[in-house]
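Visitor: One structure coming up, written as structure tokens, with questions to follow.
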């Protein structure tokens, strides 16, 4: 028999027909490294990879698997922070830079020129109407040329600046409402990339505006799209992370870096048209970043789109992002979705009273919370409007503030820059305290910020009412700036976080649209009420109204605002009215046990009275048929008689 080994050579020779041998052996045979030299094959079955049985009962467990604050969430935070440059540069342009008034050259009938210093008032406007053959802005040594100078929005056209701001606020209001409903019915990612692209396009188009009407119309479209994206992006960001890190994601919508960048662009460009060109050039890379955003997996699960939710979660857990190596299937997350009839949700469901009796009380949680949110947002808007009208609304006030915060400059650009610098540190401090101090809850921040604002506005009212200071004086301006920083960086952030927790996923985007719409309504109310009060004989009223709103919000918030820190988000409407199952089940058992204990106490009281009356009757020698009276047996009675 021929051997595979040669007697003359001790080295191994490869076998040519190794493929024939492999065909004859079992399929589960595992060969060692040198089997081509004829070594005996090892018969061992391949071990199947064992997959751990995973059963997720809530979305917080899923977030732990994919990392609640990993590279993907950090990427989203940076992109939104970057997008705020574009958003703030457009939506707040008219607050300071766009409404800055230059000095004017008045050409008389004899072709001589007279310089008219800004800001124009009734006397200067009367002089212009009577003597000026033509009027032109002075661009020499001008730090920034605004649309007020471009379209001569002074004197009879002075109110056109307010018209533009009202159009922009109204467009954002409509966009917030539509965006909220689109986000809850079609997804948070709806027109996300397309909307940001349209914002850039419309912002570029306004540079070609030949009148204030054209500028207002284009900016109205821009703010409408921004209202849609603002609502959907905020909802998406708070759903990507856990309760611990949500305060970080929400602060991506703060605008300190945006204000500083806008001020830098304005300083370099010197004019409103070139300003918008470079603003959009800086923001154009956003288009790529927005393409990489994923749909909210929490919303997909709530809508029972489990397959798509698994795709998104697996993408986030992939090594290109969080690299947690977690894999999800529809079976893994099927228990998270609670079977519920999916109706067409809209604003009505934020106030819906579900009078279903549960333990003898009806649930009206959403309606009460929605009313509280309206009061809170209107209070925020009133305080912000006071800042806009007393500090940034008038040319002289801008100069006053600039001299306060920068003694060497009277620049509106410098004011915008330092406005961003001052807003930069408060959110950082709040985030550190929120993460490091567990007792530093949402309700404490909510009420604490309101108390500080109320004290500051009380001092302002005392100064203005007594005639000690005017509404545009330095002491009043400093107090208004401090109150506004607290209002934007603490109070508003807590309104957002409370809204996130108190409304379920299926209507959360509608709730945020509702929130932003009332903020814009408050801005419009400010234009109608607060600004005329400042120039009236009762300028104190412009501060009394916000103070009254602050006091009302403190009272209502103290009694009705719950603590939401550390609480998981809700996903379905039934949870919104009765609470999450894992939270409410122990409470229900406790209520059942308490009710049982009360019933037992009542029965014991009845039995005790029956026993006492029976014992008393027995002592009196009466024959009583009662279970509480001891009955002797017949034999025992006879023994007693014999004795």
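Including glycine, each Cβ sits where the backbone N, Cα and C put it.
All annotation found in TrEMBL is predicted automatically rather than curated by experts.
When I checked TrEMBL for this same protein, it listed these features:
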type     : residues : note
DOMAIN   : 91-565   : domain 'Major facilitator superfamily (MFS) profile'
TRANSMEM : 197-218  : transmembrane segment
TRANSMEM : 224-241  : transmembrane segment
TRANSMEM : 248-268  : transmembrane segment
TRANSMEM : 274-294  : transmembrane segment
TRANSMEM : 412-437  : transmembrane segment
TRANSMEM : 444-464  : transmembrane segment
TRANSMEM : 476-495  : transmembrane segment
TRANSMEM : 507-530  : transmembrane segment
TRANSMEM : 542-560  : transmembrane segment
Visitor: Apart from its near flanks, which chain residues at least 6 from the ends of the transmembrane segment (412-437) lie with a Cβ under 8 angstroms of it?
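Guide: Apart from its flanks, the transmembrane segment (412-437) reaches 96-97, 100, 143-144, 244, 247-248, 251, 254-260, 262-264, 266-267, 392, 398, 401-402, 405-406, 445, 481, 485-486, 488-490, 493, 565.
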Visitor: Quick check: do the transmembrane segment (542-560) and the transmembrane segment (197-218) share at least 3 Cβ pairs under 8 Å, counting only pairs 6+ apart in sequence?
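Guide: Touching, no - the transmembrane segment (542-560) and the transmembrane segment (197-218) miss the threshold of 3 or more Cβ pairs under 8 Å.
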Visitor: Taking residues 6+ outside the transmembrane segment (197-218), which of them lie with a CB under 8 Å of any CB in it?
Guide: 86-87, 89-90, 147, 151, 153, 157, 160, 163-164, 167-168, 225-226, 229, 273, 276-277, 279-280, 283-284, 286-287
Visitor: If you average per-residue pLDDT over the domain 'Major facilitator superfamily (MFS) profile' (91-565), what number do you get?
Guide: 84
